[in-house]
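According to Swiss-Prot, the features are:
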{"type": "BINDING", "residues": "31-38, 640-647", "note": "ATP binding site"}
{"type": "ZN_FING", "residues": "253-280", "note": "zinc finger"}
{"type": "DOMAIN", "residues": "310-587", "note": "domain 'ABC transporter 1'"}
{"type": "DOMAIN", "residues": "607-937", "note": "domain 'ABC transporter 2'"}
{"type": "ZN_FING", "residues": "740-766", "note": "zinc finger"}
Amino acid sequence: MENIDIRGARTHNLKNINLTIPRNKLVVITGLSGSGKSSLAFDTLYAEGQRRYVESLSAYARQFLSLMEKPDVDSIEGLSPAISIEQKSTSHNPRSTVGTITEIYDYLRLLFARVGEPRCPDHNVPLTAQTISQMVDKVLSLPEDSKMMLLAPVVKNRKGEHVKILENIAAQGYIRARIDGEICDLSDPPKLALQKKHTIEVVVDRFKVRSDLATRLAESFETALELSGGTAIVAEMDNPKAEELVFSANFACPHCGYSVPELEPRLFSFNNPAGACPTCDGLGVQQYFDEDRVVQNPTISLAGGAVKGWDRRNFYYYQMLTSLAKHYHFDVEAPYESLPKKIQHIIMHGSGKEEIEFQYMNDRGDVVIRKHPFEGILNNMARRYKETESMSVREELAKNISNRPCIDCGGSRLRPEARNVYIGRTNLPIIAEKSIGETLEFFTALSLTGQKAQIAEKILKEIRERLQFLVNVGLNYLSLSRSAETLSGGEAQRIRLASQIGAGLVGVMYVLDEPSIGLHQRDNERLLNTLIHLRNLGNTVIVVEHDEDAIRAADHIIDIGPGAGVHGGQVIAQGNADEIMLNPNSITGKFLSGADKIEIPKKRTALDKKKWLKLKGASGNNLKNVNLDIPVGLFTCVTGVSGSGKSTLINDTLFPLAQNALNRAEKTDYAPYQSIEGLEHFDKVIDINQSPIGRTPRSNPATYTGLFTPIRELFAGVPEARARGYNPGRFSFNVRGGRCEACQGDGVLKVEMHFLPDVYVPCDQCKGKRYNRETLEIRYKGKTIHQVLDMTVEEAREFFDAIPMIARKLQTLMDVGLSYIRLGQSSTTLSGGEAQRVKLATELSKRDTGKTLYILDEPTTGLHFADIKQLLEVLHRLRDQGNTIVVIEHNLDVIKTADWIVDLGPEGGSGGGQIIATGTPEQVAKVTSSHTARFLKPILEKP
């Protein structure tokens, strides 16, 4: 079959569509956010492809696999087995890294186990077991007639007089020994000091190097090795300072006897006890109680609560501090930061062995005096954390814990034996820390010889190929040691994509969700080439995408619309880019042809040169002591290639610092910096990201935006409700009273089917309406609470027109383009872009002071050109009210409308971390060293 034929697809908002998709082509599905793209690609095509494959397995095997729900579709023909590559972050397991996900680390373990050279950590000499023949050949290669002696070390750096050993050597017929570097006669050995360490080496043979000595040397080496237990030394007789040759017949260091077991791949695994660092168990980090977190506010006194739980309200611990203050003569009422550093150290870390007189008052008012050392607040917390059985105490103490690199392995996660195995001059931790681009260069240049080259040939081929695939999808800036939980959705998706290319499957249907997220325009071409390569292997590649380059590169485009939600779900246009542009109904076509576009502002908002937010000396991750200046009251875009340090600078440094200072929240961790000034221009900071607005089906836009409370109050105010004594809680489906108890307000019942997918059936008591009959008898303007929750935002806006408090919130949801979502729609069904816009609308509906700092990370994710246009209008409106907007973005339509740009680079990873350009878009476009400028310039010059 040449096509995939879909007949009567009705999943979610799809309107009974019939569609023919060409097989073995690159197909892009595009359309407004919420128009039904994911419903078609993931919930119909992928779900059915996956379901058919799983159903071909035995019932026993099926119970171990998560089955997809059968999509609401009449028929699909021509489907292949389906693989979906989504944006979900890969893993929350701290042991999962880029290297382990891509399986490159497994090949590296094998490589080091087979061709690695173990070394002694103290003497840096290779641990190689040598044969007697190799030892003899080495000695015979020395200059002819060199006067040498062969020594057998019998005592190495051991205390004692060693009388018995010296007598024993002499009894065996040996005449001389080198004791502590001096040649001595064994007939009259020196008396050795009992408490000093000594080294005794027996002189087994003295000789001049000649070619006919081979047999004699072999016998002498045999004697020396037997005497010493496997070690022999060859030294010059006339020059005691000359370098000595040390030989070992064991797999051990000839100097100190350090040895390792036979190298196996598991020795290099931090997930295996054989290879994991014993101190941190292979996690690379250690938890500790952090003084910066414990001292919540150093400007106030200990009595006033500088340390939570140790102030005057907590009598037991406060008594300790007052006794401590009496002993060391400091004032518990003084600001903590004014106390001498020595006193602060004692308070935190304890008094050591020094005993202090503590006065304790018991419940009866009796004073008890006890003398003992003070353990210190940090040690006290660590002990209680370990000993307590109370979860609430443990959770409270955990707020003071931070992570730091393990002191033993330095964050490499491996035990010393594994860290000291080298290929050339490089060990495994060094390779894991390099960027993927640098690692590829290292392995491309690596040349092994002889037997090692033969052993490593296939392993190196696999490593190089996998690294090349990661570089091809624009991930050259990541390192193999990067923890999987720190990856963005786009990065995780591209790693999966690279792994799939490595698998080299043919005849598969790949379904991808916006793989260009987080990618700079510069890297887009490489990503598209990767998708084309997947197609050329003989696969059908279906991509949900809004990126213009991807749409133009597609063999076939499907435009879903015309609107979003209930207004979408139809195929508006399909064909190649030229055919889409000619279709008058296609919104995408209008943007591609230039008939509709996002305009460049006629003039930029004026800069107030006196008002700046200045962050100095930011040095987290790859940032190179960056000084960031953001103009207050403007719309600033932070740009730069993937991995240049944008997220570290804004999300890991600026946002937590501003949050700690302005929002009075729990202290959050921030990356290292020197100083920050200008926060006085703001009264709050808000981070609007794409994380879900709620993780349970009970959470919905009405509850998140605060709409549901006034709606419930309205229903409770209806005369009938007042007559029955119903309060607003009666109209909540989360608490007993008004909800249907058969389904506990869910509206559906879950039926577990074991080796079939779980089935959700409407509750037979409330028929899916979530409330009991009595509650549904209350009507406001003829509608029940269930009917109101089932309204779209647009319908509700009209219905509640006379209630300003509700109408204003609904209007902001419409302003951000969410007129189509239902008030009671489960938040788990919202896309990332929709969740972000619900948050944006919630902020917009609040009374505005004009002094808010808004931070957004790639707000255009999941948004169509038309959605972006609407989003920009909202952001510009916030800016016009005096607020400051900081956006991390790659989308050129957003960048060109910014008032100010901060461009990081020049490259990703270690090649980035610097500010390359700042200024208006027109000023930045002139900077030749900026990759962003190269793509921005032609757009600004377009008529």
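The backbone N, Cα and C atoms fix where each Cβ goes, and this holds for glycine too.
On its own chain, K646 (ATP binding site) has V638, T639, G640, I888, L904 as residues at least 6 apart in sequence with a Cβ closer than 8 Å to its own Cβ. Residues 59-60, 62-63, 66-70, 697-698, 732-734, 772 of the same chain lie 6+ residues outside the zinc finger (740-766) yet bring a C-beta within less than 8 angstroms of a C-beta in it. The average pLDDT computed over the zinc finger (253-280) stands at 91. Cβ atoms under 8 Å from those of the zinc finger (253-280) belong to residues 95, 100, 106, 108-110, 112-114, 116, 118, 120-123, 125, 127, 156, 231, 233, 246-247, 286, 406-409, 412-415, 417-418, 420-421, 428 of the same chain, restricted to positions at least 6 beyond its ends. Secondary structure at S642 (ATP binding site), taken from DSSP and collapsed to helix, strand or coil, is coil. Minimal Cβ crowding within 10 Å, among the binding-site residues S33, S35, S642, S644, is found at S642. Secondary structure at G31 (ATP binding site), as computed by DSSP, is strand. When Cβ atoms from all protein chains are considered, those within 10 Å of K37 (ATP binding site) total 27, not counting its own. Taking a C-beta cut-off of under 8 angstroms and a sequence separation of 6 or more, G31 (ATP binding site) has the following same-chain neighbours: K37, D559, I560, G561, G568, I572, I587, T588, H864.
Under the three-state DSSP scheme, K37 (ATP binding site) falls in the helix class.
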